[in-house]
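Relevant sequence annotations retrieved from TrEMBL are reproduced here:
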type	residues	note
BINDING	GLY11, ALA12, GLY13, LYS14, GLY15, THR16, ARG128, GLY173	ATP binding site
REGION	31-60	region 'NMP'
BINDING	THR32, ARG37, ASN58, LEU59, VAL60, GLY86, PHE87, PRO88, ARG89, GLN93, ARG134, ARG145	AMP binding site
Amino acid sequence: MLNLVLFGPPGAGKGTQSEKLIEKYQLVHISTGDIFRAHIKNQTELGQQVSQIIAEGNLVPDSITIAMLEKEIKENSEAKGFIFDGFPRTVAQAEALDAFLTSIGQRITGVVALDVNEEELTQRIAKRQEISGRADDAADKLKKRIEEYFNKTIHVLPYYEKQGKLAKVDGIGEIDTIFQSLTYIIDKY
Ligand code: AMP
């Protein structure tokens, strides 16, 4: 199995690149943000539990996020592999993912981090909000999300670096150029 983590701050291009990667490598895309949004749209119990947290730009508690992620993996037991997008966002989530994958005889193959500076992120998300209308893309909420990224999520990088699994890619430039840089790394796995 090829199990990839596509890592990066909000607006780094994880969603866009994931779409292209799942097609090339025939993987199942697990975006915790997309799953949460579907729950909110469908007004499930989980959706009601997390909608306020997400609207404010805060991270959903680890216990809720990890349980949802494990369920998603179990439901795709026939998958050739996964792309995890927007997960793990805390070291506790990274540890839980490793433990869960080990329990089913799997492991993370590699982690590719998209590197994009804060100014570019802010510009991209302002543009995205015009199209998506996502409440958490609004400037004040985005500020909170970027704060969450630098306070909690960034620590996931050294976690994988210690395991020798981390590769960084410049996330600024043409979509296809960035995609080529990603596939160059992934093909080596
Ligand atoms: P995203 O679409 O990945 O930017 O996620 C949108 C929002 O969903 C985030 O700002 C968080 O509120 C929540 N979320 C998504 N993934 C996670 C995660 N792994 N841990 C905690 N909260 C998450």
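Each position is counted from 1, following the chain as shown.
Placement of Cβ uses the backbone N, Cα and C atoms for every residue, glycine included.
All TrEMBL annotations are machine predictions without curation.
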Of THR32, PHE87, ARG89, ARG128, listed as binding-site residues, which ones have a Cβ less than 6 Å away from ligand 1?
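Within range of ligand 1: THR32, PHE87, ARG89.
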Can you tell which of the binding-site residues VAL60, PHE87, ARG134 lies nearest to ALA12 (ATP binding site) in space, using Cα positions?
PHE87
Say you check the Cα of PHE87 (AMP binding site) against those of the binding-site residues GLY15, ARG128, GLY173; which is nearest?
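Considering only the listed binding-site residues, the nearest one is GLY15.
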Any same-chain residues 6+ apart from GLY13 (ATP binding site) with CB under 8 Å of its CB? Would you list them in sequence order, or say none?
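Expected: LEU114, VAL116, GLY171, ILE175, ILE178.
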I need the most crowded of these binding-site residues: ALA12, VAL60. Count other C-beta atoms within 10 angstroms of each C-beta and give me the top one.
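Per the Cβ count, the most surrounded site is ALA12.
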Tally of helix, strand and coil residues over the region 'NMP' (31-60) according to DSSP?
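DSSP composition of the region 'NMP' (31-60): 21 helix, 1 strand, 8 coil.
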Take every residue in the region 'NMP' (31-60), average their pLDDT values, and give the whole-number result.
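A mean pLDDT of 97 is what the model gives the region 'NMP' (31-60).
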What residues, ordered by sequence, lie under 8 A Cβ-to-Cβ from ASN58 (AMP binding site) and sit at least six positions away in the same chain?
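Correct list: LYS144, GLU148.
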Which one is closest to GLY11 (ATP binding site) in space, judged by CA to CA distance, out of the binding-site residues THR32, VAL60, ARG89, ARG134?
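Sorting the binding-site residues by distance from GLY11 (ATP binding site), the top entry is ARG134.
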For ARG134 (AMP binding site), identify the closest of the binding-site residues LYS14, THR16, ARG128, judging by Cα separation.
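Nearest candidate: ARG128.
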